[in-house]
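All remarks here apply to the structure that follows.
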């Protein structure tokens, strides 16, 4: 399972080839290896508890727009910077306003220079994130000098340098916005016409590179490649948007066929979250697995023409199809697979909506029905996708463009198993879309791409999938694995089970020093969140219903409260956060949601796994701390 990975640890000449993909058992990276191009995270997060925030006296003046307050905060930190407000600001269901701003130079975006401000319901600044460029801005205006290469050369450089299977021999470019934005015509191999935008990119040596940001959607890799605009001979970094009626289904809470039997459910949608039901979009009603939140179909050849692919149809809206885990050919139960995938994705959509991932926060819906955000971005749900095996992927572009989920067949058992039948895999993949839309704002899908944030992207998926599958008799002594059924391995596809036992799972913050790929870092992060969740369950109890009970917008139990705080933390944290910054954002989420009612439980959970008060990154080495701040508990 993977989401976009931001690449570019250093600018690499085009003759340097990527290293072979490092694969772990089960859900791993695939396609083009972008590891050499990963950009290091450089964000700062000023939380509500820091002295810098306490000294920040800004409050929203009477009648003042919260966007203006955010501008004042930015200008107090970077008085000489030029910037623009990204048009994706919103007020979350916890009352916190989120404003995202992007630095500019000579009117050109600095694509990885972000600033986000969080303002509470009383108009006070709760926290802010900052990755603005602090070096010297070039004196000359490149738009005046026109000191940049032809964008066609940048497209060809991206294809050659990364080994993108794109034919661009007869390509032409069409200007969209003067001299800074282009669409390419005449290419072959991409799902849509590639584009190029002139942007700056802040480099690790604190200088700016003028680049063409070339977007190429190659199905299993959906790339933004930053090609030097002066020479067209250097790739400075890469982002990949792909991350590794009645329905007969395994109902919500059953992770896979080993946990129970399929049931026939009638009209299982939440009418508040899905006002058009799951099989309508406000314009039409469908008699198939198509609706406002997602369109599910088979995709055996791994292609992109999903609308014309097979999906089950029922004039009576009875999506009831046979399934046996022992069937020798997964294609024999494709209708059951599509129905299960459609059910799981829609149920998760409705749950996330209840917890705050709605239209204005950037959720995935075709028709937002005037509720904010951008529409036309349902999730394309491909069952038994033929573009891979033993894996799953999710592509999450910015708000207003459809997400894509690829569910594969797993061949580590005889007969093979269908990943759509393991709810945890579907939830993990969908959570990539959640974290991508909330972190950095709905309009910026480049903020879960750093060394640590990429790992947390995997960890959030594992955590949410594990929280959903908790059973009524579970306690903090209950352990869970990830992907065990699909992989035909009781140990699952992670190095350790999710457990509160340090014997069964010894992972701490310092283990990040030895991590070689994002799923290993994700296991560490999810292990921390698992500790926090059980601390909150011990305090507030556990609601085993498929949806939370809310009081003034706050879940009344510990399981759903932990999920809500994790989601609210995503919206608060800076673009490409570190573990420490993401921890602080969750603590700030509790400040905003419960008036600091759970600081002790949250701190104890993180501190148990080494992310306590004095945890630090020193000279490239992560140092554990098991301390809880004095006076918190």
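Glycine too: its Cβ is placed from the backbone N, Cα and C atoms.
Pulled from Swiss-Prot:
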- 429: active site (ACT_SITE)
- 428, 432: Zn(2+) binding site (BINDING)
- 326: N-linked glycosylation site (CARBOHYD)
- 514: N-linked glycosylation site (CARBOHYD)
- 1-18: signal peptide (SIGNAL)
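Annotated features taken from Swiss-Prot, shown on the structure.
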| residue | record | Cβ neighbours (10 Å) |
| --- | --- | --- |
| 326 | N-linked glycosylation site | 7 |
| 428 | Zn(2+) binding site | 28 |
| 429 | active site | 32 |
| 432 | Zn(2+) binding site | 29 |
| 514 | N-linked glycosylation site | 8 |
Three-class DSSP secondary structure - residue 326 (N-linked glycosylation site): coil
Distance, residue 326 (N-linked glycosylation site) to residue 432 (Zn(2+) binding site) (CA atoms, angstrom): 31
Cα-Cα distance linking residue 429 (active site) and residue 514 (N-linked glycosylation site), given in Å to the nearest integer: 25
